[in-house]
Amino acid sequence: MVNQSSPTGFLLLGFSEHPHLEKILFVVVLCSYLLTLLGNTLILLLSTLDPRLHSPMYFFLSNLSFLDLCFTTTCVPQMLLNLWGPTKTISFLGCSVQLFIFLSLGTTECILLTVMAFDRYVAVCQPLHYTTIIHPRLCWKLAAVAWIMGLIQSIVQTPPTLRLPFCPHRQIDDFLCEVPSLIQLSCGDTTFNEIQLAVSSVILVVVPLSLILVSYGAIARAVLRINSTEAWKKAFGTCSSHLIVVTLFYSSVIAVYLQPKNPYAQERGKFFGLFYAVGTPTLNPLIYTLRNKEVKRAFWRLWGKDGESKNT
């Protein structure tokens, strides 16, 4: 049974109608969170301490790792509390803070993944001019644009969402406070909010994804013009990790923010939302480290061992 004793806050229903599933999800989310903390902290340490990783690619990767740490810490502790016991409440202030940070970081990740695609495009298509084009000053500017756009998006969309007239039961059919779920909770006119959500989804999800696809289309054309298997392998190794991360992230984001309105889509959206909030931050460091010999060598150097010999 769900405890409904919080008139001033919200009830995060999640999968409260399946209590046995909640216990399984608690273990999965807890393990994922611990792996997220470990993996992303390790990438931040390696990118900071190892001089050989002081390159644009690892600068953007360290930004992504820091973002994932903040992203999961915003929602997972509350999620674990709700999954563990019958009390599913979150205060209005807590929901407001979670919504603001979640929107900001989600937007930043969309832009940051686009910036990383541009970095990979220059690395493959303009290798001789890479250091001239992707110089440290540009890296800082691009990262700043990603973080600032995330902040602006949150400032623009959070207040109108929180000003909606919510239904008296205040039950959010989700794991956390997200814009689609809060719009669904409203008992008033949500036309403006739905238009705002649709416009922001196009600008901040569809457009960045289109730019990423254009970048990889150019990369594919450049690689196909090279009659060298070794060059193909190098290009694939350069781009494959980022492409996998983009696929996982955007597929879950699209399922949450661009899904049709029906009960089946809402239930399916919960699983995609859970993967979007917990799964991708856990998998990102694994994808980048398991396929990356430089990161493996940096790890062994950090522990005072010969990284070269460990990868031969």
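The backbone N, Cα and C atoms fix where each Cβ goes, and this holds for glycine too.
Residues annotated as transmembrane segment in TrEMBL: 24-46, 58-79, 99-118, 138-156, 202-224, 236-259, 271-290. Residues or ranges marked as domain 'G-protein coupled receptors family 1 profile' by TrEMBL: 39-288.
Comparing 58-79, 202-224, 236-259, 271-290 for CB pairs under 8 angstroms to the transmembrane segment (24-46), the maximum falls on 271-290. Among the stretches 138-156, 236-259, 271-290, the one making the largest number of Cβ pairs under 8 Å with the transmembrane segment (202-224) is 236-259. Within the chain carrying the transmembrane segment (138-156), a Cβ under 8 angstroms from the stretch's Cβ atoms is held by residues 56, 59-60, 63, 100-101, 103-109, 111-112, 115, 118, 196, 200, 204, all 6 or more beyond its ends. Listed as Cβ neighbours of the transmembrane segment (236-259) (distance under 8 Å, sequence separation of 6 or more from its ends, same chain) are residues 106, 109-110, 113, 116-117, 120, 123-124, 178-180, 197, 201, 205, 209, 212, 216, 219, 265-266, 268-269, 272-273, 275-276, 279-280, 283-284, 287-288, 291-292.
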